[in-house]
Amino acid sequence: TQEDKRVRCVCVESLKEGIFHYSLYHQPRRRAVSELWFPSLCSHFSVNACLMPVCQLHGAAVTTVEGIGSTKTRLHPVQERIAKAHGSQCGFCTPGMVMSIYTLLRNKPQPTMEEIRETLGGNLCRCTGYRPIIDGYRTFCEVISSFISGFLHAVGESLEPFQKLLPLDPTQELIFPPELIRMAELEERATQTFRGERMTWISPISLDELLQLKSQHPQAPVVMGNTNLGREDDQPNLHQSRISARLCVCVCVAGVCIGAGSSLSTVRSVLEKCVCSLPAEHTQTLAALLEQLSHVAGEQIRNVATLGGNVASAYPNSDLNPVLAAGRCSVVLQSREGKREVPLDKDFFVGFGKTVLKPDEIVLSVFIPVSRKGEVVRAFRHAPRKENALATVNAGLRVWFEEGSNVVKEMSVYYGGVGPCTVSAERTVQQVIGRPWNEATLSDAYRALVDEVTLGASAPGGKVMFRRSLTLSLLFRFYLHVLQHLKDTNVCEGEIPSEQLSAVERLPNIIQPSYHEFQDVPSGQSEQDPVGRAVQHQAALSHATGEAVYCDDFPRTQGELFLSVVTSARAHARITHIDVSRALSMPGVVDVFTADDIPGKKFRSFTGIDEEILAQGEVTCVGQMVCAVVADTKPHAKLASAAVKVHYEDLPDRIFTEAVEKRSFFLPQREIQRGDVTKAFQEADHIYEGEIRLGGQEHFYMETQSMLVIPLGEEKEMKVYASTQHPTMVQEAVAETLGIPSSRVSCHVKRIGGAFGGKLSKTSILASITALAAWRSERPVRCVLDRGEDMLITGARHPVLGKYKVGFMSDGRITAADVRYYANAGHTPDDSVLVIEKILLHMDNAYNILNLRGQSAACKTNLPSNTAFRGFGVPQTPWCSAVHCGCIREKNLYKETSLTHYKMEFDPEVLLRCWEECKERSELDRRRLDVARFNQQNRWKKRGIALIPLKYGVGFAEGFLNQAAALVHIYKDGSVLVSHGGTEMGQGIHTKVQQVASRELDVPLSMIHISETSTSSVPNTCPSAASIGTDVNGMAVKDACQTLYKSLEPIRKQDPNGTWQSWVAKAFLERISLSATGFYRGHDLYMDWVKQEGRPYAYFTYSACCSEVELDCLTGEYRTVRTDLVADIGRSINPAIDIGQIEGAFMQGLGLYTMEELKFSPSGVLYTRGPGQYKIPAVCDVPLQFNVYLLSGSHNPHAIYSSKGVGEPTVFLGCSVFFALKEAVAAARSDAGLSGPFTLHSPATPERACIACGTRFTQMIPETETAQPWALELP
């Protein structure tokens, strides 16, 4: 599913949130075949816009976020509460959150906390870390006392704004349109047919008509939920949601018959009622299906996906098919020739996506029999994310015993995810049937299963050893469940050993109220002065109402074209010919552009090395941009770009992971050293050597790369609207590409839907290509990348290989360290050299290692070029030193005023305060004992806890990048317009700058407005990056405001009792300028790599974080039980925004270190091109208790109002979860008889954690044959 795409319905105005709500009216009737009534009511559903065709919505009332409330009329409580809870940062995902909860409240005005969590499970956010969203919507629960006590606790701040919330009044909600009710009651239905350029959609009204159409068009897909995207060829799509025969539910003595067209949400509701009403012994299969359904996708998918579609799609990792097969279920198939009932067993699934269905047959219904006495059915699954993710492996298992005994009479074992279709382990079952249910029987079954369920080394999906071990682990878990059942039914005696019970117990999943501590606002501070107060994000309400405008929201203009890029399909090849003839002949296509059409520079220069805008003659990675197509619509442009044929001649010596061996590096390489490392190694008591790999990370900003270029028609002027962190770079790139002065190009940024470093270099290249198309066509051109294109083209965080040698004494002191870092830069350098420099500058982290040597290199490979990412190398840095500190981290901390390894002096007093306060707040000493006790009592669940410090340098080592400018206008009515060089991408820079201007001008926030960032207002801007946006732009605005305030001083003295408006009006009459520029030069920062010394940072910010996890050793799944984070951010300008940044960065780090994996094929093709394959943290991954404390009493003379940069540093603290996991793995290894150091690469995915645990099940899996693996092992 394309869960993140931002698609508009043509019948709705601005569906920007990606999720909307629709209502259906059900006419009262009684089904002839059913004992269940369908009453007259209005049902409410939230669905993904990208999966809901407009032609499927006949008879439905569609409501988007704009329809429930606005800032112009009245807010809906759902919109207000997410804003007041500071639950919106970039705002791109906010409308989706709003509509999901809105739908929940329409169905249940007082939901439980679990229902809120489950509802949000289908939504993604990359900015906030989810905690404020959860807390904001906690207020709708029946019991909200936990919210009031656990919500934003501001020392010295009133909670009154959060207690004065708009009440939820269900009587004031939108009514279902009466005309649709009348239409439903009249039932004057007719077949509907929709025809487009490439697709026909037919919506029949009867089963006979559907069967006739299926007979005429046997290859046409039957569509219900459209979660499997429809066809785009000459076969029609047959839509069947209006056919009642496929929606019926019948409950009888033998079981439950459910219409194949029933949505999974409907199926779940039916099963819940049946499980509650039927005798327990009859509900084994029903309960197992219900368990699986709670994990299938998210609420929005379950609302439209159908039971029949799940069966007929026959995906190998279907969560339902193994359970249906194991539970003796059957399906009724029908064609014009008649009906037939077919068992859902091993013979039903015949291959990948194939079943025994004939081309003209449809699935009419699914029959689920009740379980029999002595029968036990269970379902299990494991997925790369806890919820809303396709399963890695799942299982449906059933056993039926001889009456009153533990002798197995019948058994079924089905697996998904270990073959091209659902797999039946028949030979394994034969080892069990006729034998008693005990360990000896199951031991034989394990051995049979190892031989029966096999995967080759290059099996699609990879994870071969892990998937095979999961089949054993899930069978073992089933064994214990059945033992427990036999005991509960008095069939056998004896207790399951308590330490073994942890295998069947769930990981904790109840989200607890969190605690957040702000800093005191000085007692003498004016009430009007907003600095230091938790001011709501200035655009939060616009985000929540859908009124916030992003780049692709600008209305289409007459004659506007859409651009689509053509990318390379080879990793290293010579381009012999580009055939554009077919593309040019397609409808709507205007032109195709190549590098030969560029009138100016054909390359961009980053860090002194050129990068081609469009490939010329040779391509060096899959995904390199070769040419571009422009057409009148996006679909036309996409189809035409696919029709361009690029002919290649492959070149030798492709390099993916062999750069170190082949010495393939971009220059310069860097080295730094202090002390006598060689001598220190000779004197060390112990020496340890090893290596660790840190995988890359996709930015996954919610808004993909977007831009609109408009030629103004005279003097070669171009106006560029772009989602970029660096407007000046875009301006310069466009000007150089077109060969015109920069003064002819203006770049405008209203806001960005997330960036994280990913909207710098590649955005300027894409803007250059788009501008070229606008230049040549003399028409506006828009370019908005799809998610898959974005992930392929724009690069990611650098994967890093660290090789280390560490010398330490017996008391734990590290006396020497020698570390080499190799970053996979990709096929062009981008800013990789700057990244490897920052890696070396932060290699000491918070540890005082007197003899330290570091080397770093940017590896040149034939993979997409990697780029800047939040943290810019620091998250990849302290691994090799920190990984060996373990329980002795504290012993190696900086303790007194010291010099770093690049000879910059600093005082670690604040670092030590963070460390001690985090130890105290987290109750570390007590909880370590609790963890040890837990691990001793539990064999299959283990806990780990880790406390990690951080020292982070803020600023650009290149001094010129630390400057900023601003422009402030005061209008005659007293209102203030502020322009500055920073871009708003969710970090709240506009809100903080408004706070600065409010303090300096002594006017209310309501009088200050920031419209956009524009190079025509503030020239020569520096990138919004390196956590210095507020530092430098705030100082520039402060400078401008002080100039204006000083110019008004004579007026104020003349009329001390006047108002701001009167002073401004008087100043205008006195001809005093009411406009001023501000400038901030920045600090003189530098780094001399020859002398290996410098002052590359203005200051350091410090933090400490303690995380505790619980690990399931059988599957590698884990839960972060609690996180306590103490952050030094100086004097916070806005503590609510700062805590939001801290939490969001931490969650992004948690994803980096434990979840997110980029996978490339052996030929360099990126596999993970969307949310289906690439998993970022979701609501289910938030620490169950997440406490953040802003360190009090910290001051910083180097930044505005003594604040500190906050956006990037705490990404690294996500590694506290990694180290806690490593401790849990170590405990598991100890139980398995494994001792000594072990390697755990990052991300510590369930696969890596499970295999590292070394359980007897992983050890049973033999080594796979030597063959080319499915995916490359980066870096």
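Using N, Cα and C of the backbone, Cβ positions are placed for all residues, glycine too.
Here TrEMBL flags Glu1208 as active site, proton acceptor. Annotation comment: TrEMBL describes Cys50 as [2Fe-2S] cluster 1 binding site. Summarising the annotation, TrEMBL assigns [2Fe-2S] cluster 2 binding site to Cys90, Cys93, Cys125, Cys127. Under the heading FAD binding site, TrEMBL lists Val222, Val223, Met224, Gly225, Asn226, Thr227, Asn228, Leu229, Asp319, Arg381. For Gln725, Phe756, Arg870, Ala1026, the entry in TrEMBL reads Mo-molybdopterin binding site. Here TrEMBL flags Phe872 as substrate binding site. The domain 'FAD-binding PCMH-type' annotation in TrEMBL covers 194-373.
Sequence features annotated in TrEMBL and their locations in the structure.
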residue : record                          : contacts (Cβ under 8 Å, 6+ apart)
Cys90   : [2Fe-2S] cluster 2 binding site : Arg126, Cys127, Tyr701, Met702, Glu703, Arg751, Ile752, Gly753, Gly754, Met985, Gly986
Cys125  : [2Fe-2S] cluster 2 binding site : Cys93, Met97, Ile133, Met702
Asp319  : FAD binding site                : Gln292, Leu293, His295, Val296, Ala379, Arg381, Ala391, Asn394, Gly416
Arg870  : Mo-molybdopterin binding site   : Phe756, Gly757, Ala1145, Gln1148, Gly1207, Glu1208, Val1211
Phe872  : substrate binding site          : Gly757, Leu834, Val835, Lys838, Ala1025, Ala1026, Glu1208
Cβ-Cβ neighbours of Cys93 ([2Fe-2S] cluster 2 binding site) (radius 10 Å): 27
Sorted by sequence, non-Cys90, Cys93, Cys125, Cys127 residues with Cβ within 8 Å of centre, [2Fe-2S] cluster 2: Ser88, Gln89, Gly91, Phe92, Thr94, Arg126, Thr128, Met702, Gly753, Gly754, Gly986, Gly1144
Confidence summary for the domain 'FAD-binding PCMH-type' (194-373), mean pLDDT rounded: 89
Cβ-based neighbourhood (8 Å from the centroid) of the Mo-molybdopterin site, residues Gln725, Phe756, Arg870, Ala1026 excluded: Ala755, Gly757, Gly758, Leu760, Ala868, Phe869, Phe872, Ser1024, Ala1025, Gly1207, Glu1208
Length of the line joining the Cα atoms of Asn228 (FAD binding site) and Gln725 (Mo-molybdopterin binding site), in Å: 36
By Cα-Cα distance, the member of binding-site residues Val222, Met224, Asn226, Gln725 nearest Cys50 ([2Fe-2S] cluster 1 binding site): Asn226
Position of peak Cβ density within 10 Å, selected from the binding-site residues Cys50, Cys127, Val222, Met224, Ala1026: Cys127
Gln725 (Mo-molybdopterin binding site) versus Met224 (FAD binding site) - Cα distance in angstrom: 42
Cβ neighbours within the same chain of Gln725 (Mo-molybdopterin binding site) - under 8 Å, at least six residues apart: Ile752, Ala755, Gly757, Lys759, Leu760, Thr763, Thr983, Met985, Pro1023, Ser1024, Ala1025
Binding-site residues compared (Asn226, Asn228) - the one with the fewest other Cβ atoms within 10 Å: Asn228
Recorded positions listed as Phe756, Glu1208, least Cβ neighbours within 10 Å: Glu1208
